[in-house]
């Protein structure tokens, strides 16, 4: 089979535009749906009723998104097990992109004023639509980013492709921030400082249409490359097998934990930035200036990543990025309404975010092969479902926090910068700056202490897999074994059935039949005259081919 290491220009452009649409959609979903809900959707004329509905809906969103997190690994596993003429991923990118775009657009309406007629029914309908939209978006997002390992097995080629895609996603996400307020105001039926229902709906329509079309572009113009490394003899099935595959990949879990703290931090601060410009500074249109600056900074940051990653280790680069973000938070906290200082602080906080995403994406992508070598099974989408899972958890927490702080600080329908009290401003800034700073410190501590999967380590793993995967214990000569052969035990200890071993990879017999021994000492001997055909770089397994024709794996 052909294992191409480079992508065509058409495929790379399609993938980059897919990232553009994907992140434009996510920006609308995670950042501005909540703004629409808190500032425009509920307008009964009764401030207490409106605040109650805002609280219920924002908490509903947070709960549903957290519940949906437990579904994500199964989504990744379902994608891994998908076998169609179009591959594992493209069907889900197209279907997920289509359904999620349509439903998100519906959420940017008041559903015919349903909340005024029957508040309980509105909450139920909203909840059903939201969880359906979120699940289909998860299929699209997981499928889209899980394509990366299938496009190339080269770490450098993956970095190049991911950098192109991240430029697309940076522009997509950034343009939503640049255009959201001007567009919402421009399309509004009447003049207003923050837009009206019609203005927000038309803007959402444009973004959802872009997301839908770019998803179809990925489906039409990209192709998966096939190689023996990507083949599995047996699919990972069942809850226990799925969680064993995840928990056994320690590098995936550690980088996910660091990324979790990081995501909670950035999503809280990023989501509150538009509130800061609107209700603290009283300059909602200035948010577009910051978003424009952020686009160019994001492109520069993404473009620098392949260069810096050749000279600086991922661990060092991750630490430097979060250090700069902490300085930005500190400056932001004392900037007040000084626009140049606010723009500088916000830029320092935003500039490293694209690099951090790429660092995490690369480590998680490389962890696919790490887990494959360690566990004896390849789970691309399952492993890479963890990144969007963590992203959405951060978004869920930020939605809940933003909704509640908007109520506490008085930043709801009809509020202006002059109506926000000093106490409200203090509580707002504490949540926007204090909590995220603590989260970032924890993130960098975890990453530095536990993540060891470097580019060099990954190259060694891929080299090992290319030599051994699907081949290392095949009988490649004409030696035939007939009758019964006595095989002495290679180590002293208690003989056990292989089925009683806790590691399902071996107990299931998927790598061959055999037996297990609970050792009484640490000395392992060859049980017969043999040639050592393979020694894993991790030195945890040895493959022997005996002079008697027996092929034996000692693990």
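Just so it is clear, glycine is given a Cβ too, placed from its N, Cα and C backbone atoms.
Checked against TrEMBL, the range among 72-89, 144-161, 234-251, 252-269 recorded as transmembrane segment is 252-269. In TrEMBL, the transmembrane segment annotation falls on 430-447 of the listed ranges 430-447, 448-465. Counting Cβ pairs under 8 Å to the transmembrane segment (316-335), the top-ranked stretch among 92-113, 164-187, 401-424, 430-447 is 430-447. Outside the transmembrane segment (341-364) by six or more residues, the chain places 145, 148, 155, 158-159, 162-163, 166, 170, 251-252, 255-256, 258-259, 262, 266, 269-270, 273, 276-277, 281, 289-290, 293-294, 297-298, 300-302, 304-305, 308-309, 314, 317-318, 320-322, 324-325, 327-329, 331-332, 335, 383-384, 386-387, 451, 453 with a CB less than 8 A from a CB of the stretch. Tallying C-beta pairs under 8 angstroms between the transmembrane segment (164-187) and each of 20-41, 119-139, 199-221, 289-309 places 289-309 first.
Most Cβ pairs under 8 Å with the transmembrane segment (20-41) belong to 199-221, among the candidate stretches 53-71, 119-139, 199-221, 289-309, 401-424.
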